[in-house]
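Right, one structure below, let's go through it.
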């Protein structure tokens with residue numbers, strides 16, 4: 001994964017605008033203030049030099065010898081910030097081994113980069129709401145959704161014994177494929193090879209997995225068809241956990257027999273609605289007998305999928321959330337500060353969400369109202385507000401656009417005029433109309449969302465919007481990476497040992513070395529590393545040296561990605577995000593020799 005490695009702010013500082021004249025204890029987060037500040041000039045290396053002097057003083061106080069400065073004798077010290085043309089023409093390059101480390105922000109606060117973006121060329125900043133602006137508190141929100149779907153399934157006739165099932169936040173992860181025919185959850189790599197197969201809560205061995213999937217892969221043709229369902233949104237985490245729990249429970253403790261009987265796509269579409277299933281006795285008689293008979297994995301999936309849609313679409317889940325907003329949704333004063341800075345920077349800001357107005361209004365009011373007297377309502381932070389957008393359909397044919405009566409929540413019957421008006425709210429529409437009324441096109445737009453398909457892939461492939469993908473799980477991934485440094489270093493040592501074993505061997509060699517013991521150590525170390533991320537599925541992005549399917553999508557379609565959109569507060573709004581140039585294997589072996597010191 002590429003990450004940003006160039007700093008555009010002139011004083012080298014990465015700290016957001018802080019309250020002046022106060023010192024913040026290291027264990028507390030600095031308090032952000034509204035407004036923007038100008039950059040200061042100076043020498044390029046001043047901030048780095050100050051950091052080194054501070055480190056030297058600390059080490060001297062502890063009786064340690066100060067490190068030798070790597071660049072004190074070189075002209076790098078004399079460059080202005082930013083350097084002049086004359087300085088750069090006469091600049092003497094340092095040897096590659098003597099260059100100081102490139103400055104990077106703290107990983108947990110960083111925005112990572114796949115493709116270059118210059119923020120000063122972005123005119124429009126667009127935002128999704130759910131899981132982007134509105135960060136749902138985990139695992140409380142997932143537990144609520146899980147339990148409500150369970151209740152729906154019991155209503156239609158599933159055994160009441162499933163009520164004892166509980167959401168496990170340590171089990172599901174995004175990017176899994178659910179096999180509707182066999183009831184398995186699959187983790188696959190970027191080439192479609194099956195890495196992990198879990199049936200219920202049991203991880204299957206490679207031999208057992210190969211019995212189900214002889215080629216040990218899922219082809220790209222199969223991914224687009226009805227058999228494999230991609231669990232690629234945060235809303236699908238309770239769904240993945242519930243499906244696995246039901247498979248495990250029904251196979252062990254129920255009279256229902258799960259089978260591989262398959263309904264084709266047309267039959268699935270023609271199935272009766274979930275509300276028509278079950279009987280009156282199953283809804284009213286607490287002592288009715290438990291169901292028995294056959295139930296296909298495919299039908300189980302359909303029931304779970306439909307029940308999930310019901311609790312999301314009938315308003316019941318949202319009502320529970322609105323009844324206790326502090327429990328289910330994060331609230332931070334940094335949010336209005338960030339949007340105030342966008343407004344002061346003269347950027348156009350729009351909200352594009354699939355949620356209906358009544359829900360959007362209450363959630364956004366909770367998160368943004370009352371912080372800044374210059375904004376009477378959360379709507380004042382936005383130039384355009386579109387609810388009920390029906391993404392990804394919004395990015396293709398779209399729907400009819402209507403203005404929302406913000407007093408009643410009803411849709412007005414009159415046509416939308418030739419422009420969007422600030423403070424008003426609109427429902428539906430399409431990207432073509434949005435572009436026509438705003439002039440927001442292509443690389444002038446940065447859209448920020450969490451849905452890899454509806455927010456990122458569709459907007460990028462069809463209209464070339466720049467994007468930032470929010471991946472909340474990234475925080476956990478980075479924390480584990482830091483905790484498992486020793487394991488990672490040990491793995492690198494084992495890989496080095498394996499390479500050394502084959503040193504000097506060529507086609508003349510006839511006896512292969514016995515590296516079975518080494519392979520077992522490699523496997524054990526990889527397993528330990530994967531277990532630290534998730535004991536069932538490992539890292540969201542990797543499995544050993546293999547990138548996952550989710551990782552491939554992030555690399556291919558996301559221009560920027562981060563754990564929280566508020567990490568943008570750590571960058572000036574003229575920042576140039578630069579992607580690392582990823583060398584091919586033959587290039588990386590050459591870069592190590594780029595040193596003129598000898």
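Numbers run from 1 along the shown chain.
Using the three backbone atoms N, Cα and C, a Cβ is placed for every residue, glycine included.
Unlike curated records, TrEMBL annotations are generated automatically.
TrEMBL lists 1-64 (among others) with the feature region 'Disordered'.
For 1-26 (among others), the entry in TrEMBL reads compositional bias 'Low complexity'.
Here the compositional bias 'Basic and acidic residues' (45-56) is broken down by DSSP into helix, strand and coil counts: 11 helix, 0 strand, 1 coil. According to TrEMBL, the compositional bias 'Basic and acidic residues' annotation covers 45-56 (among others).
The feature active site, nucleophile is assigned by TrEMBL to 128. Taking Cβ-Cβ distances under 8 Å and a sequence gap of 6 or more within the same chain, the neighbours of residue 128 (active site, nucleophile) are 352, 353, 391, 447, 448, 449, 450, 451, 455.
Here TrEMBL flags 128, 450 as Mg(2+) binding site.
Per TrEMBL, the feature GMP binding site maps to 130. Applying an 8 A CB threshold to same-chain residues 6+ apart, the list for residue 130 (GMP binding site) reads 136, 235, 353, 354, 355, 450.
For 258-292 (among others), the entry in TrEMBL reads region 'Disordered'.
For 271-281 (among others), the entry in TrEMBL reads compositional bias 'Low complexity'.
Annotation source TrEMBL lists compositional bias 'Basic and acidic residues' at 282-292 (among others).
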Cβ neighbours of residue 450 (Mg(2+) binding site) where a neighbour is any other Cβ within 10 Å: 23
